[in-house]
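Chemist: After the structure tokens below, expect a handful of questions from me.
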Amino acid sequence: MENNQKSNTEMKENKTVKKKMDWSGSLIVASLVGAFGSSFLYGYNLSVVNAPAVYIKRFYNETWQRRYGSSMEENTLTLLWSITVSIFAIGGLVGAIIVTPIVKFFGRKRTLLLNNIFAVVAALLMSLSLLAGSFEMLILGRIIMGVDAGISLSALPMYLSEISPKEIRGSLGQVTAIFICIGVFTGQVLGLPEIFGRESRWPYLFGMIIVPSLIQVVILPFLPESPRYLLLEKHDTHRAEKAFQTFLGKEDVSREVEEVLSESRVQRNTKLVSVLQLLRTRAVRWQVLTVVVTMGCYQLCGLNAIWYYTNSIFSESGINQETIPYVTLSTGATETVAAVFSGLVIERLGRRPLLIGGFGLMVVFFAVLTTSLTLQNKVHWLPYLSIACILAIIASFCIGPGGIPFVLTGEFFQQSQRPAAFMIAGTVNWLSNFAVGLLFPFIQSGLQTYCFLVFAAICLAGATYLFFVLPETKNKTFNEISQAFAKRNKVSLEMQEMNHYPEERKSSAEQESNFTSAVDKVETKTGIV
């Protein structure tokens with residue numbers, strides 16, 4: 001009896017220690033520094049062009065007049081400014097396309113480090129454009145900054161999903177979304193007139209991009225590479241164990257190593273799958289489709305349209321023009337608080353209810369916003385309801401759709417498939433981003449206040465699809481998640497190896513030799529066998 005009590009006490013203590021060890025100092029530093037130099041910059045560059053827009057357009061016109069002796073036509077200026085804003089998405093698409101070979105060759109951590117070259121070059125071009133009298137430098141800097149964002153939004157979630165234990169994988173993955181929101185909010189704060197939101201200071205807004213990049217370059221090299229990448233792709237068992245020990249804050253990492261090795265036994269050949277091969281793989285057909293749907297809805301759900309419409313709604317509600325920049329800060333603050341809340345509850349509530357619930361709430365608030373905008377000239381207090389709906393839509397987006405698509409992309413696929421999956425997700429993400437920026441002005445002019453019903457329909461379609469298809473991935477290993485999709489894909493888990501890349505397999509003798517060697521080294525060392 002006493003022995004049983006002692007055993008139960010020891011088990012409880014081990015569980016307590018395990019929970020404490022999940023969030024090691026190295027894991028926290030890696031996630032914060034990785035996100036600060038990556039997803040933070042993406043969010044920052046989404047909002048940084050808003051405050052100085054008037055001054056930048058004036059700079060374009062003055063440069064044109066100095067070169068050609070006449071003022072720029074209004075249509076030309078509008079087109080040039082639209083290119084400046086939207087070309088960021090084109091750069092992001094390029095980054096999403098090239099990320100697969102980069103993470104394969106350099107690894108996850110080194111890709112994040114090398115990506116800072118794009119950020120620093122872009123910051124220098126944009127911040128020096130006024131001094132050089134060249135608006136082309138600003139446009140070129142925006143597209144290079146887009147390349148940086150396209151790479152980081154794939155490499156960072158990949159890195160975070162591979163260094164975290166499954167018990168906190170969702171919370172750690174939400175760091176990406178949290179820092180996007182913090183970046184947006186920071187861009188709004190620094191764009192205030194008291195800081196850099198003046199005609200003579202706007203180049204400093206772009207020069208600030210260098211700061212997060214330098215911090216990441218200084219700190220990230222002292223942290224390990226992804227242990228899964230080291231073990232499965234580099235077959236470096238010693239460094240993989242060291243990385244696990246560092247990130248988990250414990251000496252015995254046999255359970256984590258065995259979890260990775262069990263994945264290897266399923267897909268023994270760890271040669272990376274190409275995008276075409278992944279699309280042809282029957283065993284991940286529904287995973288790919290689900291990623292495409294969630295990433296498409298992530299951009300097409302109307303949040304970018306909300307940013308376009310915010311100032312006019314605030315203006316119509318009677319808020320003074322000089323006060324609007326400060327009121328706009330409430331949108332960034334709401335976004336940040338909601339993203340942090342999502343990170344705190346995702347491991348309790350799960351991915352599925354947050355994602356479906358987020359899209360569902362957006363449908364409701366879009367409907368109320370449409371009604372409010374349509375009738376606000378007839379009822380004096382309705383503009384304030386519009387403001388409340390905007391904040392509610394932003395909060396609904398950030399508690400689920402704002403970050404979980406990146407988490408799911410990292411969870412749905414095996415090691416060899418993950419880079420190709422992030423390339424597909426990134427391509428859908430950036431093409432959808434560009435489509436919203438390009439088409440929204442036409443939707444707005446055609447449908448007026450009813451334009452948000454389009455986004456409500458997209459959110460409803462996304463929530464419906466996810467309700468019937470998406471399994472819960474909380475606290476599940478990558479193999480368990482694959483098994484959850486196996487029935488829908490009409491394949492068994494064991495068939496996945498045969499479906500990976502039959503046309504490009506190594507010779508069976510070489511393949512078996514490489515795998516057996518890696519497994520034997522780890523299993524002998526960790527005492528698994």
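Any Cβ shown, glycine's included, is placed from N, Cα and C.
Annotations per TrEMBL:
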type	residues	note
TRANSMEM	21-42	transmembrane segment
DOMAIN	31-474	domain 'Major facilitator superfamily (MFS) profile'
TRANSMEM	79-100	transmembrane segment
TRANSMEM	112-133	transmembrane segment
TRANSMEM	139-160	transmembrane segment
TRANSMEM	172-190	transmembrane segment
TRANSMEM	202-223	transmembrane segment
TRANSMEM	288-309	transmembrane segment
TRANSMEM	324-346	transmembrane segment
TRANSMEM	353-375	transmembrane segment
TRANSMEM	381-408	transmembrane segment
TRANSMEM	420-441	transmembrane segment
TRANSMEM	447-470	transmembrane segment
REGION	502-529	region 'Disordered'
COMPBIAS	520-529	compositional bias 'Basic and acidic residues'
Chemist: Hey, which bits of the same chain come close to the transmembrane segment (324-346), Cβ under 8 Å, at least six residues off its ends?
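Modeler: Counting only partners 6 or more residues beyond its ends, the transmembrane segment (324-346) has Cβ contacts under 8 Å with 47, 51, 170-171, 174-175, 177-178, 180-182, 184-185, 187-189, 191-193, 197, 306-307, 310-311, 314-315, 354, 390-391, 394-400, 402-404, 407, 474.
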Chemist: Ranking 172-190, 202-223, 353-375, 381-408, 420-441 by Cβ pairs under 8 Å to the transmembrane segment (447-470), which is first?
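Modeler: Between the candidates 172-190, 202-223, 353-375, 381-408, 420-441, the best contact partner of the transmembrane segment (447-470) is 353-375.
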Chemist: Using a cut-off of under 8 Å between C-beta atoms, tell me which stretch among 79-100, 112-133, 202-223, 288-309, 381-408 contacts the transmembrane segment (420-441) the most.
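Modeler: Answer is 79-100, with the largest number of Cβ pairs below 8 Å.
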Chemist: Give the nonlocal contacts of the transmembrane segment (288-309) in its own chain as ranges (CB under 8 Å, at least six residues past its ends).
Modeler: 46-47, 50, 278-279, 331, 355, 359, 362, 366, 390, 393-394, 397, 401-402, 404-405, 408-409, 412, 421, 424-425, 428-429, 432-433, 435-437, 440, 443-444, 451-452, 454-456, 458-459, 461-462, 465-466, 469-470
Chemist: Near the transmembrane segment (381-408), which residues from the same chain, at least 6 beyond its ends, have a CB less than 8 A from one of its CBs?
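Modeler: Same-chain contacts beyond the ends: 153, 157, 161, 169-170, 173-174, 176-178, 180-181, 290-291, 294-295, 297-298, 301-303, 306, 309-310, 313-314, 316-318, 330-331, 334-339, 341-343, 346, 351, 354-359, 361-362, 365-366, 368-369, 372-373, 375, 425, 462, 470, 473.
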Chemist: Who are the long-range neighbours of the transmembrane segment (112-133) in its own chain, taking Cβ under 8 Å and residues 6 or more past its ends?
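Modeler: Residues 34, 37-38, 41, 59, 63, 66, 95, 102, 106, 140-142, 144-145, 147-148, 151-152, 155-156, 159, 202-204, 206-210, 212-214, 216-217, 220-221.
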Chemist: Going along the chain, which residues at least six beyond the ends of the transmembrane segment (202-223) come within the CB cut-off of under 8 Å?
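Modeler: For the transmembrane segment (202-223), the list is 26, 29-30, 33-34, 36-38, 40-41, 44-45, 48, 51-52, 55-56, 109, 112-113, 116, 119-120, 122-124, 126-131, 138, 141, 145, 187, 190-191, 196, 246.
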Chemist: Between 0 and 100, where does the mean pLDDT of the domain 'Major facilitator superfamily (MFS) profile' (31-474) sit?
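Modeler: Value for the domain 'Major facilitator superfamily (MFS) profile' (31-474), mean pLDDT as a whole number: 88.
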